[in-house]
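Below is one structure, written out as structure tokens; the observations come after it.
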Amino acid sequence: MASLRRIARALKSPKLQSLLHNQSKLGLLYSLSGSNDRRFGDACSFSSHAHREPKKGGIDLSQHPPERIRNFSIIAHVDHGKSTLADRLLELTGTIKRGHGQPQFLDKLQVERERGITVKAQTVTMFHEYRIHGHGPDVCRAHESATFLLNLIDTPGHVDFSYEVSRSLAACQGALLVVDAAQGVQAQTVANFYLAFESNLAIIPVINKIDQPTADPDRVKAQLKSMFDLEPSDCLLTSAKTGQGLEHVLPAVIDRIPPPPGDRSSPLRMLLVDSYYDEYRGVICHVAVVDGMLCKGDKISFAATGHAYEIAEVGIMHPELTPTGVLLTGQVGYIVTGMRSTKDARVGDTLYHTRTTVEPLPGFKPARHMVFSGLYPADGSDFEALNNAIERLTCNDASVSVSKESSAALGMGFRCGFLGLLHMDVFHQRLEQEYEAHVISTVPTVPYIFEYSDGSKIEVQNPALLPSNPKSSIRASWEPTIIATIIIPSMWGLLLLCALTGGGSSWSTLLLTVNGY
């Protein structure tokens, strides 16, 4: 009996408990690294079986090194078939069942379904088995099948939501440039191409809707060659509606898009790509792991604020939130930290392990607001409710600027900056639908700059706030202007249209490409 008591005391000693804990973490790292070193495996052989073997039916991300990961986005003009193409890819990989669920599966907002447009970029992880033909010596032997992890991001197509596109491209190494076979290259096709080009992404042109009677793929190929120098032989001809040609899309993604860079042995660095507020779990952050690895229970810090949080849940979107317990280099997923304040989740921030020193990631360019409007509660007593609603919604839409203001007629309210008129309209609709907020919005305006006779200048976003200065008069005023490149098939009516819309044309800044783009 005395010997049994001594053994029990020894098992409860702090030193032995610490040793067992460290060995257990060592076994977890071994199981994730996939090492073939037998000596290392023998040292970890007594670690928890649950760490070395994933749960039945679970997802083992350690089986997907960076060489077997592809992160790509779908970019296009409005109504060129991005969301339908994303649906077909989800069905091809078995992520969703064919014929089950709603069309445009990744368009989850009510406003997206009512308007038929994509407002919020959505991420989903797919797994696809592909036979390698000798590409990449580290991946597998030639002509051997391998399962690839594909992170797809479906992006908006309207110019007002280009900020969503730029954030999505930061987590990708390639993009599918979808073009309507009948409509051809349009405004956001050009804008999104240059966003991807400036991000140094591999671009795969996809000519969609070839089943339409007015489809002209050869004309679209000539446009892509003339405007973007994309070879006609590289274009994929598809119809997301009928499924024609879709079998070539995923092999092209694997062959043409490079794997994500990064070093698993380096300290953790993650890019905060997106975030949204959940009523029960707080702020959920979408992150892209650039270096290192992240496990549940780790403590991470935000470079912008310095605040530290413990990881309560980590996983991937497959297609809904699926806990995995770990995220490795090159993977895109989500984290739950219990964060309740949306101000700490700054999109573009760098996340890293607490008590480590890392070089912050570049982040994103700040959004440039084009339109300003005042928002006031219909009932003055609902100001705090509107304040909470706007704070939560701006977590989902970081491109909106908000500042408090007051009006003699409407009381306390907010001055909000938007990227455009559609962006403003969608924001108002989401406030009403998602948060049941009844708001009064003022006429949208643009910021003006006034110069007084004494040389002072002031920027005014609200006409009511223009101060009167009896000692000096206004010498000049400026309003925002743009220098635009207009690409049209013919010149008919162009200059008249520019004049009617208040724009002037200067042949030194107006580029016209006539007949053939």
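Positions of Cβ are set from backbone N, Cα and C atoms, glycine also.
All annotation found in TrEMBL is predicted automatically rather than curated by experts.
As given in TrEMBL:
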- 76-83, 154-158, 208-211: GTP binding site (BINDING)
- 67-261: domain 'Tr-type G' (DOMAIN)
How many other Cβ atoms are found within 10 Å of the Cβ atom of D79 (GTP binding site), counting all protein chains shown? 16
For K82 (GTP binding site), what is the tally of other C-beta atoms lying within 10 angstroms of its C-beta? 27
A correct count of other C-beta atoms within 10 Å of the C-beta of A76 (GTP binding site) gives 28
Segment-level pLDDT (mean, integer) for the domain 'Tr-type G' (67-261): 85
Hey, of the binding-site residues listed (T155, H158, I210), which one tops the CB count within 10 A? T155
